[in-house]
Amino acid sequence: FLCFSLFSQLGGCGILGVGIWLAVTQGNFATLSSSFPSLSAANLLIVTGTFIMIIGFVGCIGAIKENKCLLLSFFIMLLIIFLLELTVVILFFVYTDKIDKYAQRDLKKGLHLYGTDGNIGLTNAWSIIQTDFRCCGVSNYTDWFEVYNTTRVPDSCCLEFSENCGLHSPGTWWKAPCYETVKVWLQENLLAVGIFGLCTAMVQVQFNITFPILTNC
């Protein structure tokens with residue numbers, strides 16, 4: 001139990017450290033949503049790492065002091081996390097179509113912030129996604145025409161990158177839509193993610209059953 005708590009706290013420290021490093025070096029890296037500008041990779045890692053550290057700290061102190069209240073608090077926090085995870089998964093599968101429509105609409109809205117002052121995170125994120133996934137725009141490359149008010153795309157959409165290549169003809173740009181391309185990639189890797197999530201849930205359930213017994217003992 002103590003080893004598990006220490007491991008959780010160390011893991012939280014690691015996640016927090018990565019989040020702070022991203023926040024300092026990359027700004028709001030991976031911020032794609034215009035409606036939720038705080039929803040960035042750095043902020044998510046910082047919040048997750050801090051929360052895990054708090055849980056691990058409560059578990060460690062509870063085990064060392066053999067304090068029933070702290071052990072019970074540790075169990076309750078784990079139980080809340082498990083229920084939140086379960087709720088999110090259920091809601092995701094129930095409202096998949098609505099989530100797709102909202103996500104695409106929000107991403108297209110965020111395209112208008114590309115390259116503007118104070119949105120370096122969004123700009124970097126779109127550049128990396130379009131380059132790595134060989135795609136352009138949310139639905140297709142014409143999404144960028146509304147942003148620039150002309151037949152133009154970012155240079156990261158080009159088949160062969162060069163300065164101002166986004167001003168060339170559409171034949172030199174990636175044709176695949178980024179939303180569907182990334183979605184297919186996630187679905188192809190869903191098995192590994194699902195196995196990891198299942199193992200995590202099993203560990204949580206096991207500890208959620210074991211900790212009350214230890215608390216009573």
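Note that Cβ sites are derived from N, Cα and C of the backbone, with glycine treated the same way.
Given the structure is predicted, the values throughout are model-derived calculations rather than measurements.
Of the cysteines listed (CYS135, CYS136, CYS199), TrEMBL assigns CYS136 as the disulfide partner of CYS157. Other Cβ atoms within 10 Å of the Cβ of CYS136 (disulfide bond) number 28 in total over all chains. Neighbour list (CYS157 (disulfide bond), Cβ cut-off 8 Å, at least 6 residues apart, same chain): GLN130, CYS136, GLY137, TYR141, TRP144, GLY166, TRP173, TRP174.
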